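Asker: As listed in TrEMBL for this protein:
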ACT_SITE  GLU277  active site, proton donor/acceptor
BINDING   ASP178  Mn(2+) binding site
SITE      GLU213  site 'Interaction with galactose moiety of substrate glycoprotein'
TRANSMEM  16-37  transmembrane segment
Amino acid sequence: MAAAAAALPFSPRRPFSSPCFLLCFLLGFVAGLFPFAHRHLLLDLRHLPLPDHDPRPALARVPAAAAEREPPTLIVVTPTRARPLQAYRLHRLAHTLRLVPAPLLWLVVERGAATHETAALLRGCGVMYRHLASPGDDDDARRRAVERRRGGLRQRNAALDHIERHRIHGLVYFADEDNVYSLDLFQQLRAIRSFGTWPVAMLGVGKSKTLLEGPVCDDSRVVGWHTNGRHSRSRRFHVNTSGFAFNSTMLWDADKRAHQAWNYIRLLDTVREGFQETTFIEQLVEDETHMEGVPADCSKIMNFNLRLEDKHLVYPKGWQMTQNLDVIIPL
């Protein structure tokens, strides 16, 4: 037996180590608590107080509707025709429109067929445009004279046809090429919801005094009219052609205009001269309560009708001068 015991590689009875036993016991106890630890942590986190400030960046707190809202498109309608100052006036209006913030669509409507000269000018104007034509009885001299006096009535109707056919949503504004416009006008147009109007300054017949035509307002309510004296009793609304704008949906949505039974809202060529504007507006609104004065109190003149004639000037074909180009005073 003594020989067998001496052959064993270790002692059969080793001494007991209490520190080692306690360390192993504690490690096993802690490891057994890990499966339940996450539940207690979640309960504790739910009862933690929230911070006083929003940790998100400032841009994240902007409402989604306000961030996605875009300004309405301005649909500017300009009738034009071949005449001596056509290029100068279109260039001047194009420079004004180029300063207006987008979105803006310029509808340039020529009387008769569209010309290459106007097309070349528009290509370099820097404004989003559409070049339209208004074919008609250009060979009839009497018809041409009536059309000049009425200021492009059929051309404006051609633009309205285009807007309604293609359902172009925005605010329609008739801007003649021979008027002068302030940039503030186009900024004010974007605030119009349905139909807006404002006073327009015009030079008198003798060019010696300035006349006002348009609304008198109390805040944004129309309470009266400035009139130049012509047709003062028979006209319903004393509004200049370039003194109002309206939402394009009124052309095809009957619920947004006064006369729901009328399906074709256009300028009428069967009324007397000077009554085209008021009869057109009567198709859109019922009375002054459906109008918005622009700006508040209508106290600002934002565009001018100069009434400058160019009938005595020579119109160069293709806008090019080929004669009388010699130097008169040599340098």
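We number each residue from 1, going along the chain as drawn.
Just so you know, glycine gets a Cβ as well, placed from its N, Cα and C.
Give me the structural setting of these features: burial, nearby parts and distances.
Answerer: Spatially close to GLU277 (active site, proton donor/acceptor) yet at least six residues away along the chain are PHE237, VAL239, ASN240, THR241, PHE244, judged by Cβ distances under 8 angstroms.
Listed in sequence order, PRO199, VAL200, MET202, HIS226, THR227, ASN228, HIS238, VAL239, ASN240, GLY243 are the same-chain residues six or more apart from GLU213 (site 'Interaction with galactose moiety of substrate glycoprotein') with CB atoms under 8 A from its CB.
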